[in-house]
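Noted in TrEMBL for the protein shown:
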- 1-104: domain 'Dihydrodipicolinate reductase N-terminal' (DOMAIN)
- GLY77, THR78, THR79, ALA101, ALA102, ASN103, TYR104: NAD(+) binding site (BINDING)
- 107-221: domain 'Dihydrodipicolinate reductase C-terminal' (DOMAIN)
- HIS133: active site, proton donor/acceptor (ACT_SITE)
- HIS134, GLY143, THR144: (S)-2,3,4,5-tetrahydrodipicolinate binding site (BINDING)
- LYS137: active site, proton donor (ACT_SITE)
Amino acid sequence: MGQALLRLAAERGDLSVVAAYSRSQPPQRVIDGVPHFAVGELSGAPEFDVAIDFSLPQGFDPVLALCAARGKALVSGTTGLSSAQNAAINDAANGIAVVWAANYSLGVAVLTELVRRAAAALPGWDCDVVEAHHTRKLDAPSGTALHLGAAAAIGRGEEPHYASLRAGDIVGEHTVQFAAAGERLELIHRATNRDIFARGALEAALRVAHQAPGRYGLAELMFPNL
Ligand SMILES: NC(=O)C1=CN([C@@H]2O[C@H](COP(=O)(O)OP(=O)(O)OC[C@H]3O[C@@H](n4cnc5c(N)ncnc54)[C@H](OP(=O)(O)O)[C@@H]3O)[C@@H](O)[C@H]2O)C=CC1
Ligand SMILES: O=C(O)C1=N[C@H](C(=O)O)C[C@H](O)C1
């Protein structure tokens, strides 16, 4: 995701990337023309308006801390965060603008609303969330699966069952199934290119960079017609 963000940001004239951060050791001083900072070097990063984080749970805390210390906005898509890390986002949102979303695609934002409405309309139906991703993905169920399950739980009062498949280079597929005797409803989102997530995160960053402190939902920020 970091590579997609750098590539797509370079194509735009309305934003510029001032630094990249990762765990790479030894630190690669420049990545795609952008100054790179490795673990332990983040405090030396230049001034910025908003940070975009697509790391891993073990890389998230220093980025949140830097944004909070400098009073700058954060857009994060890192999944598999702990409840303590989610609570830290809520705390930080008292002083900075924060967006965290398990999925930055428009399609999943629409699917989430459909799932919420279907669950509310189909009380007593069985509900399962099946997700499939590439074999490099470390967390399961996916953040999107948990997000869709939470939307279903609003309408049905309990979380669905989850199933995870890891195979090949699947970008990200999520199927929410509602089943009752004699019929079955399946709502499916299939991502075929990871750029959709990076584009969504860049748009969110542009919108939240100078917002007042608070935790902003992706739909309220990006898809007000939903
Ligand atoms: N919300 C959304 O729309 C989406 C969310 N995701 C989520 O984004 C995250 C990243 O996904 P992906 O890009 O595929 O994963 P990768 O493993 O390809 O990239 C993870 C990045 O985090 C860096 N990193 C890992 N640990 C640390 C650390 N301790 N300190 C600093 N940097 C660290 C890695 O550094 P290095 O390069 O040096 O290894 C790497 O640059 C996952 O949680 C995934 O679920 C993914 C796609 C869409
Ligand atoms: O790791 C990925 O690739 C993805 N992770 C996110 C998730 O955990 O839901 C979003 C997307 O499905 C791709």
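Keep in mind that glycine also has a Cβ here, set from the backbone N, Cα and C atoms.
All features noted in TrEMBL, drawn onto the structure.
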residue : record                                          : Cβ neighbours (10 Å)
GLY77   : NAD(+) binding site                             : 23
THR79   : NAD(+) binding site                             : 22
ALA101  : NAD(+) binding site                             : 25
ALA102  : NAD(+) binding site                             : 20
ASN103  : NAD(+) binding site                             : 26
TYR104  : NAD(+) binding site                             : 24
HIS133  : active site, proton donor/acceptor              : 25
HIS134  : (S)-2,3,4,5-tetrahydrodipicolinate binding site : 13
LYS137  : active site, proton donor                       : 16
THR144  : (S)-2,3,4,5-tetrahydrodipicolinate binding site : 24
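Looking at GLY77 (NAD(+) binding site) and the residue listed as 'active site, proton donor/acceptor', their Cα atoms lie 16 Å from each other. Ligand 2 lies under 6 Å from the Cβ of LYS137, out of the recorded positions GLY77, THR78, ALA101, TYR104, LYS137. Comparing C-alpha positions, THR78 (NAD(+) binding site) sits nearest to GLY143 among the recorded positions HIS133, HIS134, LYS137, GLY143. Taking H, G and I as helix, E and B as strand and the rest as coil, DSSP gives the domain 'Dihydrodipicolinate reductase N-terminal' (1-104) the counts 36 helix, 20 strand, 48 coil. Among the recorded positions listed (THR78, HIS133, HIS134, THR144), THR78 have a CB atom closer than 6 Å to some atom of ligand 1, in sequence order. Under a cutoff of 8 A between CB atoms, and with a sequence separation of 6+ in the same chain, the neighbours of GLY143 ((S)-2,3,4,5-tetrahydrodipicolinate binding site) are THR79, GLY80, ALA102, ASN103. THR78 (NAD(+) binding site) is surrounded by 21 other CB atoms, counting those within 10 A of its CB over all protein chains shown. For the recorded (S)-2,3,4,5-tetrahydrodipicolinate site, residues HIS134, GLY143, THR144 set the reference point as the centre of their Cβ atoms, and the other residues of that chain within 8 Å of it by Cβ are THR79, ALA102, ASN103, GLU131, HIS133, LYS137, ASP139, SER142, ALA145, GLY172, HIS174. Across the fold, the C-alpha of ALA101 (NAD(+) binding site) and the C-alpha of THR144 ((S)-2,3,4,5-tetrahydrodipicolinate binding site) stand 8 Å from each other. With DSSP classes pooled into helix, strand and coil, the tally for the domain 'Dihydrodipicolinate reductase C-terminal' (107-221) is 47 helix, 35 strand, 33 coil. When averaged over the domain 'Dihydrodipicolinate reductase C-terminal' (107-221), pLDDT in the model lands at 97. Here the binding residues for NAD(+) are GLY77, THR78, THR79, ALA101, ALA102, ASN103, TYR104. Their largest Cα to Cα distance works out to 12 Å.
Sitting within 8 Å of the Cβ centre of GLY77, THR78, THR79, ALA101, ALA102, ASN103, TYR104, and not among those site residues for NAD(+), are the Cβ atoms of PHE54, SER76, TRP100, GLY143, THR144, PHE197.
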